[in-house]
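**Student:** What follows is a structure written as structure tokens; I'll ask about it next.
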Amino acid sequence: MILPADPIFSQLLLIARNSPDEVVIDDRNLHVQAGYSHLLHDAVQLAQQLRDSLSQGPSTVGSAFIGILAPTSYESTVASLAILAVGAAGASLEELAYTLKQCSATCVLVGSQHQQTKLATQLQEQTGILKLAIPVLSPGRPPIESYTLDEDSIPSDDLPAFLFFTSGTTGAPKGVLHARRYLYAKFSVQQSELTDELCLIYDSICWSTCFISVLLHILRGERVELHELDARYDLIWDRFRDCEITKIHFSPTSWYTMMKVFQERISKLPEPSVQAYIRGAQYIRTPITLGGILPVPVKQFWLNLRGGRPIKVIYGSTEAGLLTVADPEASASEEASIGSPAPNVTVKLSDGDSGELLVKAPTLLLQYLNSPELTASCFDSEGFYKTGDLVERQGKNFIFRGRYKADFFKFWDHKIPRLHVESCLSSLPYIEEAHILPVADARCDNRVAALVRLRQDHTCVTLQSIRKDLSTMLPVYQMPTLLRILGKGDEVPRTFSEKVAMKKTVERFFPRWNNDHFMDDSIEVLGIKEILQFDTTGPLELVELW
């Protein structure tokens, strides 16, 4: 059994020789418990099927895109390793039609949940793309000693490895092509045996995050437990209570929802039961937030519940990978600190100690798929990638101020820092959930719209009362001029990475006939004449936004 002599398979074999059969992936959805020997055997079997079925040599196969039609699972991990073994690039088909339009996949690897579905049948009938089933715990597993590394087959670090898509928060998702070096850079320290770490991964996290996360955990000798919980956060809490999980990655939305489950359900249980859940939350060594900034009330809740130990903040992007890591002090800060640069990451700011964050890292994208001009435009003359994020340097750490285009908008000639206004709104004691949105108005460019959910014991909240309460925190021009209160069943539209889908949210909650007349009577509006009564011409920091 011959494998490429690259860092990925070298590391897998190193751990497998010391811990061949110990469970490294516990897939609760497929009821599969597998060790490194199972992973290698299934991946090698699938890699050989790929070569045989395509009737081409490995070098030709290696130039192809191979689709993966499977949720995050043991199967998707096997598929990923098989694709890497033949030197091809994997592409998730979670957005099937869009992905197939963007890349010419030569084959699709299909998980058991999709093999008999209408989607898989249509895929083969309408596209003619070869479809292969992903093996699970194949019989005839050989001893680990039978695997060898082919020193004459070392893939280039820059060989395409996988295709991801951006979240689509501000527009159509973009195909981001990454090289093998993206993975190589993430496990530079070799681990020779299985550790006692156990990471819980559930299906609400976006596919690209899970893809990287599962592979990296097993390459680091860390066990992975996979769940299809369908946003059943009460079940995640129950798993916390068992005091076995040591690592978990959540988006800010998930940390918020977990907080609400504790406050509304768990906290009302008998005290011994409550303490059992608290011990479980404190047992986790590395709770991580990624994909956004935690609101201060959420950050404070977890800090208190975990006895002064904060949720760890990391920052990165689909295009650039992990860029900064916050230490405990920065993670606990009420500022939107994203910490300091991760290893092997070089940064600079466009305006000295503030401005757009520009980075160099081995994890940077190869290219935007089918977009050479866009790819060229996202690098400066020195080869730094333009993240589009505005930050400010404070000592060794960076403070996140928002996305250059998505988190700042114009109100007349003024710059509205959406995240800052949202943070102030969230801090009001009667606000449970808060969103600040730009609603277009030809007379002033954009209105500042507040979309909020109230705490259960507060009902008499108006636009004027909110503006009054914000008056000590914000200048007049940053205060909301539109308000809509979310009802019990109202849910804010989100992308697959759990970020707020801004355009859809505005369309759903602020539909209108014209500038001052909205289609829903529950929207409270401050008329343009009332706005003009305020002095909006005071000393301001004016910047060119676009």
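The backbone N, Cα and C atoms fix where each Cβ goes, glycine too.
According to Swiss-Prot:
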- 166-174, 300-305, ARG403, LYS499: ATP binding site (BINDING)
- TRP412, ASP413, HIS414, LEU482, LEU483, ARG484: CoA binding site (BINDING)
**Student:** Helix, strand or coil: which one is ASP413 (CoA binding site) in, per DSSP?
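**Tutor:** Coil, per DSSP.
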**Student:** Find the one among the binding-site residues THR166, GLN300, LEU303, ARG403 whose C-alpha lies closest to that of ASP413 (CoA binding site).
**Tutor:** ARG403
**Student:** How big is the gap, in Å, between the Cα of LEU482 (CoA binding site) and that of ARG403 (ATP binding site), rounded to a whole number?
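**Tutor:** ARG403 (ATP binding site) has its Cα 22 Å from the Cα of LEU482 (CoA binding site).
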**Student:** Could you round the CA separation between TRP412 (CoA binding site) and THR166 (ATP binding site) to a whole angstrom and send it over?
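**Tutor:** Roughly 31 Å, rounded to the nearest whole number.
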**Student:** Sort the binding-site residues THR166, GLN300, LEU303, ARG403 by C-alpha distance from HIS414 (CoA binding site) and give me just the closest.
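**Tutor:** Nearest listed residue in space: ARG403.
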**Student:** Can you tell me the CA-to-CA distance separating ARG484 (CoA binding site) and THR166 (ATP binding site), as a whole number of Å?
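**Tutor:** Taking the Cα atoms only, ARG484 (CoA binding site) lies 29 Å from THR166 (ATP binding site).
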**Student:** How big is the CoA site in terms of the longest C-alpha to C-alpha distance among TRP412, ASP413, HIS414, LEU482, LEU483, ARG484, in angstrom?
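**Tutor:** Max span of the CoA binding residues, Cα based, is 25 Å.
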**Student:** Provide, as an integer number of angstrom, the distance between the C-alpha atoms of ARG403 (ATP binding site) and LEU483 (CoA binding site).
**Tutor:** 23
**Student:** I need the CA-to-CA distance for GLN300 (ATP binding site) versus LEU483 (CoA binding site), whole Å please.
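**Tutor:** LEU483 (CoA binding site) has its Cα 26 Å from the Cα of GLN300 (ATP binding site).
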**Student:** Rounded to a whole number, how many Å is the Cα of THR166 (ATP binding site) away from the Cα of LEU483 (CoA binding site)?
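**Tutor:** Approximately 30 Å lies between the Cα of THR166 (ATP binding site) and that of LEU483 (CoA binding site).
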**Student:** When a 10 Å sphere is centred on the Cβ of ARG403 (ATP binding site), how many other Cβ atoms does it contain?
**Tutor:** 16
